[in-house]
Amino acid sequence: MIWLDVARVVSIMAVVVLHVVGSVVTVAALGSPGWWYGNLYDALVRWCVPVFVMVSGALLLDPRKTECVAEFYRKRAARVLLPLAFWSAVYILWNHRGALAELRAMDVLRSVARGWPHYHLWFLYMILCLYLFVPFLRTLVRNTSRRDLWWLVALMFVLSGVNEFSRVFSGDGAGLFINWFLPYLPYFLCGYLIQTSDRKIPLAVLMAVFGLAVAVTAVGCYWLGRAQGLDRGLYFYGYLSFSVIPMSISLMLMLKQCTLAGGWAQCVQRVAPLTLGVYLVHPILLESFREYGFKPEDHAPLLTVPLVAAVVFGGALVVALVFHRTPWLKRLI
């Protein structure tokens, strides 16, 4: 299934762009040319995390897999827990570089309980909790018709979307990480349904949905930001906003129609196993750029955002490759 490898590779590239451009949207003056460049880049890649979740669902929810619950947990724990623990420690130390004496045990416990040792690690804490339910979701998938599963996914998307809207506009905090996976269940199930579906939606229709969703995200962020402040406008960037949900699903369906062969296919298949490593490493490289004064919001975002993203992605890929080829480091990514 080369298309799932393609989805992983383009998603990690989009994640890097997302993290590079984040400061442009929050620092540049709302509505300025630089802000609009950042806003458009940001809106274009908001599908990255949902697609990652859908890829996980496509790979893990195959009802033909017969491993017992204990065996599944053992395999996933070996794959996720060690990297999660190691990189949580790395980023806790990284966040306190130059001030290690101020680091307190309670601060460490609080950051772990919140699933937030660093801004990007929330995804691993969320996906870990999602994995706990995979054996039971397989049973659900095995014993439920596809029609009923689609209805279930639609209902969960509605509830998750309402929850996201309420969270943003009521000012509620993120809470403990153990609850974060719940709103992402529909993406997880949707990934399985897309992967196993024989229906082929015309590419032109999918591109139109994707383009419209990107436009609504970008314009909606500006409009709501001007009307009620940028914090409210950023609702449109949420992975469960009413514009990002169709954006993500339409892109996943487009990726399924992707066919690669020859050198491109080999390249994707070599990079795909390194995506977790790139995800884990890239913030250190990005923040090092910023510490040396190279900030995209200060230097023509139209050009510097893709340039910095390419350099950070390339550097993180090299580091991930070194880890991957070193036996005693391989398990950390």
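Heads up, the Cβ atoms here are built off N, Cα and C, so glycines get one too.
Annotation source TrEMBL lists domain 'Acyltransferase 3' at 2-323.
According to TrEMBL, the transmembrane segment annotation covers 12-37 (among others).
The list of residues near the transmembrane segment (43-61) in space but at least 6 beyond its ends in sequence, with Cβ under 8 angstroms from a Cβ of it, reads 1, 4, 7-8, 10-12, 14-15, 17-18, 21, 123, 127, 130-131, 134, 137-138, 141, 184, 187-192, 194-195, 214-215, 217-218, 221, 236-237, 239, 244-245, 247-249, 251-252, 255. Under the heading transmembrane segment, TrEMBL lists 43-61 (among others).
Look at TrEMBL and you will find 81-99 (among others) tagged as transmembrane segment.
TrEMBL lists 119-137 (among others) with the feature transmembrane segment. Residues 15, 19, 49, 52-53, 56, 60-61, 68-69, 72-73, 76, 80-81, 83-84, 87-88, 91, 177-178, 180-181, 184-185, 188-189, 279, 282-283 of the same chain lie 6+ residues outside the transmembrane segment (119-137) yet bring a C-beta within less than 8 angstroms of a C-beta in it.
Packing against the transmembrane segment (149-170) from elsewhere in the chain are residues 140-141, 182-186, 189-190, 193, 232, 234-235, 238-242, 245: each is 6 or more residues past its ends and has a CB under 8 Å from a CB in it. Feature annotation from TrEMBL assigns transmembrane segment to 149-170 (among others).
What TrEMBL records for 176-194 (among others) is transmembrane segment.
TrEMBL lists 201-225 (among others) with the feature transmembrane segment. Same-chain neighbours of the transmembrane segment (201-225): 25, 30-31, 36, 39-40, 42-44, 46, 232-237, 241, 243-244, 246-247, 250-251, 253-254, 257, counting only residues six or more beyond its ends whose CB sits under 8 Å from a CB of the stretch.
Look at TrEMBL and you will find 237-255 (among others) tagged as transmembrane segment.
What TrEMBL lists as transmembrane segment is 267-285 (among others).
Sequence-distant neighbours of the transmembrane segment (305-323) (same chain, 6+ residues past either end, Cβ-Cβ under 8 Å): 12-13, 16-17, 20-21, 24, 37-38, 41, 271, 274, 276-278, 280-282, 285-286, 289, 294, 296, 329-330, 332-333. Here TrEMBL flags 305-323 (among others) as transmembrane segment.
Within the same chain, residues 3, 6-7, 10, 42-43, 46-47, 49-51, 54, 157, 160-161, 163-165, 168, 183-184, 187, 190-191, 194, 201, 203, 206-207, 209-210, 213-214, 216-217, 220-221 sit at least 6 positions outside the transmembrane segment (237-255) and bring their C-beta atoms closer than 8 Å to a C-beta of that stretch. Using a Cβ-Cβ cut-off under 8 Å and counting only residues 6 or more beyond its ends in the same chain, the transmembrane segment (81-99) has close neighbours at 108, 111-112, 117-118, 121, 124-125, 128, 276, 280, 283-284, 287, 331-333.
Mean pLDDT across the domain 'Acyltransferase 3' (2-323) comes to 91 in this model.
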